[in-house]
Amino acid sequence: MASLEVFVLYLRIFFISFMSRARSLFSFVTSPAITAEHGKVQKLQAKPGSDRAPDSWIQYRHSKLVDPSTYNDLGLCGGLPLRVHKHAHLADKGARRAQEDWKRLVGPIRNFTGCLSPRFNGIAVAIPECIPERLEAVTYANEFAFLHDDILDTVGKEDGEEENNEMARGFESVLEPSRNVKMSVSGKSQMQAKLILELLDLDESQAMVLLKSWEGLVKGESGSQHFDFQSLDEYLPHRVVNLGQTFWFGIITFAMGLTVSNEEMELTKPITEPAYATLALANDFFSWEKEYVEFQGNPTSGNMANAVWIIMKEHSVDLEEAKVICQDKIRESCEEYRRRKREFELQSAEQVSIDAHRYLSALEFSISGNVVWSQYTERYHFHKPEHWRQVENVDDDGNKSDDSGIAMKDSPESTVVDVEDNVPSTFLNFGSSGTNIRSKKTLVSPVLETKLPEMTNQVVLAPFQYVSSLPSKKVRHHAIDALNIWFSVPEADLNMIKDAIDQLHNASLMLDDIEDNSPLRRGHPSTHMIYGISQTINSANNLFVMSLDTIRQLKSPDCLDVFISELKRLHIGQSLDLFWTSNVQCPTLEEYYKMVDYKTGGLFQMVAKLMGAKSPKSKRKVPDVSTLTTLFGRYFQIRDDYQNLMSKEYTDQKGFCEDLDEGKFSLPLIHCLTTSPNIRLQSILHQRKTMGKMSFETKKLVLDHLEETKSLEYTKEMLDCLHVRLHKELDVLEKQTGVNNFLLRLLLKRLHVK
């Protein structure tokens, strides 16, 4: 996927690899441990001793009942009703949009229709009570899962696992932003990022549950389609748990806006097992022809992960008899689910919330919807093309329409030991024994030896390795990946730029903590608290040399010029920050912003200029992102100023209002002193210099002053203003380049202070 648009759509989510052995829409389930609490759970108000469950836990606002005489469920659903969404056209819109994005970003689609069918859209009948505003996005997600699933059915084990791993990394970049996840730049990852952004915009907390569910599916199924199952009893639990529960649970709860706690999921898990078995078996039954064709076309596959195939092997029967057995199993599991659900409602209704009951009821519609939709979709009937050529406008139970309606929006003491000369000699050996080994020859006449062994770099690198190991959001890495949507820098050069920026950034962290006398860094002891000030300074200086050497390897005079120029500016900015603190001199707002442009924004400016120098594009096609990186640097620094005073996470990682201990003139403090000069506050700052820190009580007093002058409110307003301006600048750049940057938009969303 070397095209620009493929790279562009990729970066916008640190999300990025959205896969799903969506063996089908309807065979997914969730692990209880992944659900999130979203406030107080509404408990049932049923009367004690109630001898019957409510007829329905769901209020039908968004769907209508389909006349059973107009469809045939083959007797597989035990009489479960079929409902269809009133805005099914939104589901069609989401499916078509996903297919268009795939063709544009990934490649051609063959023999694929996904959720679409001439009569019913799969999501419209599987989740008929989906919140209308979420229907298009949910269908897009399921369509994307189908497309990914089709890849898995046509590749070998290693390629399939890599497809899943790529998708998992995309989820991890959002769910675990502190991890240094290596992002893919494929078109599929761009689609994943785009989708994640849409889901987060609709409902961030519930979207995170869905993303975690999807991640669990991807990780659980990796390589599972290549398992050699010998019996249905062996296959089905694996199919249900690893290829079903996580994804579909996340889809249903997000689509319907349900909040189901971990405890409720544990309690209802035995109830839902036969429901997911029904979905899995039905999917395998209807998708048999499709999967068998793909199986025959893939010589690397030795077995099919399909219930019909396994029944044929287990019982030594032909295809038709295996299908009959499979149908019987579907009916049995469906009836078992209905029995367990009724029993649970009668005996344990008050133990869970209404939303948990709604989830259980929603599964019934997923069962009937899956069975009926599967009979219409050419996904499983591609050998009958007359069923599908174009989606019709239907003003019946399918409710298809052109009206869009709703937009989707180191080392212990050592000892010298004499050994024979054939033992390798080294001056430092950090072995587990803590013993340094030297030869007799070395002990006798080292002063005359001019070709002594090279010294290890372990000591000089130890502080760097320590600070690198601390938790980090890897914002700079994500920013580089996002910008590369526009610059298209080759991967080898891009990695060297990342390495150089990492080395500079970590050097600045070590020196900053010394200069600010900060004992904590990201909730851990600062580097100089472990290795001492002198060793830390030396290690930081070494990093500057290492970064220069890395830039040299880019073999570009322009890159060297950029590196030296921006490094000078970075040190100038830091010198001003230190000068104001040391002399208790409050800068003007203009001086503060310019300092930020030099210091914090310097690395972002360096990144953009280095990427511009190494871009294979002509200079007129390389976008000017200087305004964007300047604004981003300001937003990043002001956000840090604000969070240092207001965020519990910052308090846990660095200490309570650590900027006040350091005497740093942050934006809130500058605003306070500028708008309402205060002798008491100025005296506090001078005393801080004398004492080296502030007491807890004094910090509270400073915060009171900041509140009185509305300086914290002002800082938040500046953040909001910058956030809006950043999006406008992003709009301009996307228009100029013709490439959307979803990864950069996702990064801005992650950094947004609410």
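Each Cβ is built from the backbone N, Cα and C atoms, and glycine gets one as well.
Lifted from Swiss-Prot, the feature list:
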- 1-24: signal peptide (SIGNAL)
- 58-388: region 'Sesterterpene synthase' (REGION)
- Asp149, Asp153: Mg(2+) 2 binding site (BINDING)
- Asp149, Asp153: Mg(2+) 1 binding site (BINDING)
- 389-753: region 'Geranylfarnesyl diphosphate synthase' (REGION)
- 392-414: region 'Disordered' (REGION)
- 392-403: compositional bias 'Basic and acidic residues' (COMPBIAS)
- Asp512, Asp516: Mg(2+) 4 binding site (BINDING)
- Asp512, Asp516: Mg(2+) 3 binding site (BINDING)
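If you take the Cα of Asp512 (Mg(2+) 4 binding site) and the Cα of Asp149 (Mg(2+) 2 binding site), they are about 48 angstrom apart, rounded to a whole number. Summarised as a single figure, the pLDDT of the region 'Geranylfarnesyl diphosphate synthase' (389-753) averages 82. Asp149 (Mg(2+) 2 binding site) counts 22 other C-beta atoms within 10 Å of its own C-beta, drawing on all protein chains shown. Packing around Asp512 (Mg(2+) 4 binding site) is summarised by its Cβ count: 18 other Cβ atoms lie within 10 angstroms of its Cβ, all protein chains included. Note: the Cα of Asp149 (Mg(2+) 2 binding site) and the Cα of Asp516 (Mg(2+) 4 binding site) are spaced 52 Å from each other.
Sequence-distant neighbours of Asp516 (Mg(2+) 4 binding site) (same chain, six or more apart, CB under 8 Å from its CB) are Glu662, Lys664, listed in sequence order.
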